[in-house]
Every structure is written in structure tokens, then in C-alpha cells.
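S.K.: The feature topological domain 'Lumenal' is assigned by Swiss-Prot to 1-18, 117-139, 203-207, 283-304, 394-413, with sequence analysis given as support. Look at Swiss-Prot and you will find 19-39, 96-116, 140-160, 182-202, 208-228, 262-282, 305-325, 373-393 tagged as transmembrane segment. Residues annotated as topological domain 'Cytoplasmic' in Swiss-Prot, with sequence analysis given as evidence: 40-95, 161-181, 229-261, 326-372.
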Amino acid sequence: MELKHFIHELCLNPRHTKWIAPLLVIGDAFLCALIIWKIPYTEIDWTTYMQQIALYISGERDYTLIKGSTGPLVYPAAHVYSYMALYHLTDEGRDILFGQILFAVLYLVTLAVVMVCYRQSGAPPYLFPLLVLSKRLHSVFVLRLFNDGLAVCAMWIAILLFQNKKWTAGVTAWTVGVGIKMTLLLLAPAIAVVTVLSLSLVPSIRLGILALLIQVLLAIPFLQGNPIGYVARAFELTRQFMFKWTVNWRFVGEDLFLSKQFSLALLGLHIFLLGLFVTTGWLRPSGSNVPDFLRSLLQGRQRTVVLSKSFIMTVMLTSLAIGLLCARSLHYQFFAYLSWATPCLLWRARLHPILIYAIWALQEWAWNVYPSTNASSSVVVFSLAVQVFGVLLNSRNALSDAPPRRKGKEHIQ
């Protein structure tokens, strides 16, 4: 009986995460070293990044003329500056081993930040092993050296800062992340909601202006060279994705995947889901319905509220998951954004721990199938749908201050 109580306590009591988390990070550091030692580096975009940076260093500032062996430069300015630093640190990209070590450090730093966010949200210890077990996530960071690792680090730093009400610093970290890869724009609706609830309308607008100004400052060298070319390349929202690389919607068939109607349907679903979350859960801390909230907001009578750390993290990750669910094409590196979000979202959806582990494992399997199949892509969409609709259907509990409870069981505080 005492053993059963000890295991129950160890798995469910959040206070144990203060020693479980550091042990997992240390263990993962050894795992990263083993991966770098035993598994060959995979060349995908690193050489192209370095070729593009070489052109930038040589003086080229026209984004439309910065290209590499696998294509043109399609990421914003902060990506260029980040990889310029890596260019110099890795002997112009030739010392790939050192680059892998740097990305392993980046991975571990991000993991530590993620675990702090989880601890501040009161997450139970049984979730934490899921944060270090992903094969695909390790691959994205230490075997492929994708820029998504840098963007994900900025995203989680921003979430941590938002949890601690460091709004200006949080927006700065987030917009720098957007400047690396615009995938982080998926968090914009959540940031708007939490800042308006916490600060009211005018301070939120100021933060939005700050984010925009930082983007302009980062882009000045390129805006002086070819402003239209920079915006069109770095923030291209109409890019056509190739069906053969898609991880999520392969099962719908190529004709439907490439159709404009499908793209518009996903956009409509994205907007609908965001609106549904706003009306059913995200505005609940204000204590008013949407019309009353908007009326008070526009009249300057809105009362600010103190948001819990768990609420802020859940809203941020839900906004991300909605965007990924409604994205027309996800590539393998996009798993970097989702992997660390999934355990939290499944937990906030009040799923049983066994079910959480099962869905996590299914999702991990699907993202490791290469090339994707109808079955794997169906699982990718299904697992995302479980996370989004699980939180939606349990929004009263998922977006509350208290940890989720399962019937007949209680998380020990």
C-alpha cells in the first residue's frame, strides 16, 4: 500500500518536478551527445543557409538575389543574423560537428525553459518524460540544424515571460522569433487576448506597434535594398507547397490538396475555431460575454484581470495547435513547435494519463513515417484535432486556474 501511495505521489504531485526536471535535462544531454556521436548528420538546408549567408556577407541586400543550392532565401531578417553568427562560429559552415553541438545546447536550453513553463503551470510529473523522448524533435535540432529550433526557443522564452507578466520582454522575444520564421505568427491571436485582458486595449496596441517596429529595425538593410522583394520573400503568405512533402493532408489526395477551395476552407476553419475559443473560453476571465467585453473595451471601461500562468500557457499553445491543425501543409521540421505543446494540451483536455501517452506515441509515430502515407497523415491530423477539440470541449476546466481533475482521482498539490 505504501509503494502504491509513493508511486501515486511521484507521478501526480507537482512538487516532485523540481528534482525530476533537472534529472531529465541531464539525461537528455547524454542522449544528445550519443545521437551526435552515433547517428550521421543529415544534409538538408544547412549548406544552402551558409551559401545564402556568404552572399549577405559579400554585400548582397536584395532578398530576391540571395539564393542557395536548394532555393532562395525565404525567411525573415533575424534568420539571416542568427545563421551569420553560426557561419562565423562553424568556420563558414564547414565545422558541422561544432554546429551540431551548438544546436544540442540550444535544444537543452529550450527544454529547460519548457520545463519551467510546465512547472509554473502546475503540470504533474508524469508529463515530463514526454518532453525528452521525441525522436523527431532531436532530429530537427541536432541532425538537421533547422532554423525552427531557434524560433521554438524564442517561442518558449516568450511564453515564460508572458507567464511572469513581463509583457514587453515577452513581445520582444516573440517578434524576434517571428523574424526567424513566421510560423510564430500563429501565436498572435493568443498574445492579443492575454495582453488585452491583462493590460487593456491601448497598452496592447503599443505592444503590437513595438513588435512591428522591431521587425522593421531587423529588416532595415534589406528594406533599403529592395523593400517589396524583402516582404514578398520573407513573409510570403501565398506560397504553394508541394504535395510530396506534406505530413498532414496527404490523405485528401493531391487534387484537393492543391485546390484553392481547400485552402480557403482551412482558412475559414482557422478563423472559426479562433472565434469559438474566444467566445467560449479565452474571454472567460473578464467575466463578461463578447458584446459586453467589446463595448467596455471600446469605451475604455474594461477592467483588467490577473491571468494565471496555466491560463496563459494553455491559450498560447491552443492558438498554436489551431494554426497547425488548419495549416495546408506541415513539413517534418514543424514538429518542433508541436512536440513540447502536446503533453500540456492533452493534460488540459483532462485525458487519462494512459490516453495521453497513447496519443503522444501515435503522434510521434506519424511524424517519423517518411515519406508520409495516408495513414500517417490521418494520425497527424487526428492527434492535432484531439488536442484542439479536447481543450475546447473541456474549456471550463482547461482554462481554469486549477489543475485538471479526473473523475475519482485528484491531483495532489
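If you go along the chain as it appears here, the first residue is 1 and each next one adds 1.
Each Cβ is built from the backbone N, Cα and C atoms, and glycine gets one as well.
How about a rundown of where these features are and what they're close to?
M.R.: Residues 97, 100-101, 104, 107-108, 111-112, 115-116, 118-119, 125, 128-129, 131-132, 138, 142-143 of the same chain sit 6 or more residues outside the transmembrane segment (19-39) yet have a Cβ under 8 Å from a Cβ within it.
Taken residue by residue, the topological domain 'Cytoplasmic' (40-95) breaks down under DSSP into 28 helix, 4 strand, 24 coil.
For the topological domain 'Lumenal' (117-139), the residues of the chain that approach it from at least six positions outside its boundaries are 10-14, 16-18, 20-21, 24-25, 27-28, 31-32, 35, 42, 107, 111, 156, 159-160, 163-164, 309-310, 313-314, 332, 335-336, 339-340, 342-344, 347, 353, 356-357, 360, 364, 367-368, 403, 411, 413, judged by C-beta separation under 8 angstroms.
Away from its own ends, the transmembrane segment (140-160) comes close to residues 32, 35-36, 39-42, 44-46, 49, 75, 79, 82-83, 96, 99-100, 103-104, 106-107, 109-110, 113-114, 116-117, 120, 170-171, 173-174, 176-177, 180-181, 183-184, 187, 312-313, 316-317, 320, 332-337, 340 of its chain (Cβ-Cβ under 8 Å, at least six residues beyond either end).
With a threshold of 8 Å between CB atoms, the same-chain residues lying at least 6 positions outside the topological domain 'Cytoplasmic' (161-181) that come near it are 75-79, 82, 117, 120-121, 147-148, 150-155, 187, 191, 194-195, 198-199, 203, 207, 210-212, 214-215, 218-219, 309, 312-313, 316.
If one looks beyond the topological domain 'Lumenal' (203-207) by at least 6 residues along the same chain, the residues whose Cβ comes under 8 Å of a Cβ in the stretch are 167-168, 171, 191-192, 195-196.
Nonlocal intrachain contacts for the transmembrane segment (208-228), taken as residues 6+ away from its ends with a CB within less than 8 angstroms of a stretch CB, comprise 61-64, 76-78, 81, 168, 171-172, 174-176, 178-179, 192, 234.
Residue counts for the topological domain 'Cytoplasmic' (229-261) under DSSP, helix first, then strand, then coil, are 19 helix, 0 strand, 14 coil.
Note on the topological domain 'Lumenal' (283-304): residues 193, 196-201, 311, 395-396, 399 of its chain, located 6 or more positions outside it, place their CB under 8 angstroms from a CB of the stretch.
Sequence-remote contacts of a segment are chain residues at least 6 beyond its ends whose Cβ falls under 8 Å from one of its Cβ atoms, and for the transmembrane segment (305-325) they are 117, 120-122, 155, 159, 162-164, 186-191, 193-194, 197-198, 270, 273-274, 277, 282, 285-287, 334, 337-338, 341, 344-345, 348, 381, 384-385, 387-388, 391, 398-401, 403.
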S.K.: What residues in the same chain, six or more past the boundaries of the topological domain 'Cytoplasmic' (229-261), come closer than 8 Å to it by Cβ-Cβ distance?
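M.R.: Result: 62-64, 72-77, 182, 219, 222-223, 327-332, 334, 366-367, 371-378, 380-381, 384.
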